[in-house]
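Note sheet for the following structure.
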Amino acid sequence: MPPTTCAHCSTNRAVIKRPKNHHKLCRGCFLTVFEDEVHHTITSSKLFYPGERIAVGASGGKDSTVLASVLKTLNERHNYGLDLILLSVDEGIKGYRDDSLETVKRNSVQYDMPLKIVGYDELYGWTMDQVVETVGKKGNCTYCGVFRRQALDRGAKMLEIKHVVTGHNADDIAETVMMNLLRGDLPRLSRSTSIVTGDSSSDVKRSKPLKYAYEKEIVLYAHHKKLDYFSTECIYSPEAFRGTARSLIKNLEKIRPSAILDIVRSGEDMAQLTPDKGKGQCACDEGDAVGGCGSANGRTSGNELARMEASLKERPRHDSLETEISSNGPTKADDDVVQLPVRNRRPQEAAGTPLQTLGQCVKCGYMSSQSMCQACTLLETLNKNRADITI
Ligand SMILES: Nc1ncnc2c1ncn2[C@@H]1O[C@H](COP(=O)(O)OP(=O)(O)OP(=O)(O)O)[C@@H](O)[C@H]1O
């Protein structure tokens, strides 16, 4: 059979079948199309302004590595005028984060971007290794997720930066939508679909430029661009519920490849049905599950992605028509939106009052809807446990 030519340039040999829509593309066209789509997300959401200083939440993993690389490319290509800085949080997990931070340090040199690292140790007096030693593996993701959100915020403030971008991708968002749908938590579901999070009481906003990028395409991009990234999963326990949502979506994706984008779009449409239209006053909630890192080892459910990465490494570059997935394009709900019954409405919400009023944590001064922020509440429990153990 003659080699397939690229559907885009009709010249080069196609080496990639896009997971999103089955288009067969050559390496160069795939990289350009991927970058163009991120550029479209950025410009259509008016994510940045010229001269803006941006902290890229950099974990050394594929998503944030691709994010940093694509932002660098687009910044130069389209003259965004951004000042890009890598911001890493060292959770204090030996054999995992220390290794991935080495990758970020290399990325900092490769992309010529300054790097700032903030540690749980210095911020909270606890490393995640110590947290797990104290509370065990079960539920440790809650501590980590709460601490990380705040750590990124604090790191940005140290750098006097008001905008942090993270590598959350379409799969992450679809999982979060699904989890909140299964929980019946419409307000959180709607917040999870926003490309920008944060609120008026914090001067650090968050955004997700890879919101519409499929995880598999991110892996393909990293592979074909030969990016240096760290691919080991966190050594601590996965968020079981996210893993379940992930498996569900992966199974749906097999029979309906557009499922990931469909779920994201449906989440966006549902957000319009909530009183705050997805712009709730809750910066403590990235739309991820309460706590948790947003990725979990759901990734290993079925080990699909790990297999894909392994096979990409093994196979020669020209032989990577890997993923049998097609897309019918996202479906759009009717414009005539009907008010859906919202389950489990909270009393304040039913009374039409705002869900949360943000103030400052009495202990650390970080924004909080309670008198004490989530991180300090968790730290109180940890410190009490430490005292009990010492006694
Ligand atoms: N330790 C960290 N330091 C800085 N940013 C982080 C850190 N951990 C996560 N992030 C940010 O949050 C995003 C989502 O994190 P998550 O834990 O879901 O990892 P992930 O989906 O495996 O992403 P990645 O492949 O970038 O590690 C990351 O892409 C990154 O931007």
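One is the number of the first residue shown, and numbering goes on along the chain from there.
Even glycines carry a Cβ here, placed using N, Cα and C.
In TrEMBL, annotation is done automatically, which means it is predicted and not curated.
Its own atom aside, the Cβ of ASP63 (ATP binding site) has 26 Cβ atoms within 10 angstroms in the protein chains shown. According to TrEMBL, the ATP binding site annotation covers GLY57, ALA58, SER59, ASP63, VAL89, GLY167, ASP172.
The feature domain 'tRNA(Ile)-lysidine/2-thiocytidine synthase N-terminal' is assigned by TrEMBL to 54-233.
Per TrEMBL, domain 'Cytoplasmic tRNA 2-thiolation protein 1 C-terminal' is recorded for 359-389. Taking DSSP states H, G and I as helix and E and B as strand, the domain 'Cytoplasmic tRNA 2-thiolation protein 1 C-terminal' (359-389) has 16 helix, 4 strand, 11 coil.
For 314-335, the entry in TrEMBL reads region 'Disordered'.
The candidate set comprises the binding-site residues ALA58, VAL89. Of these, ALA58 has the most other Cβ atoms within 10 Å.
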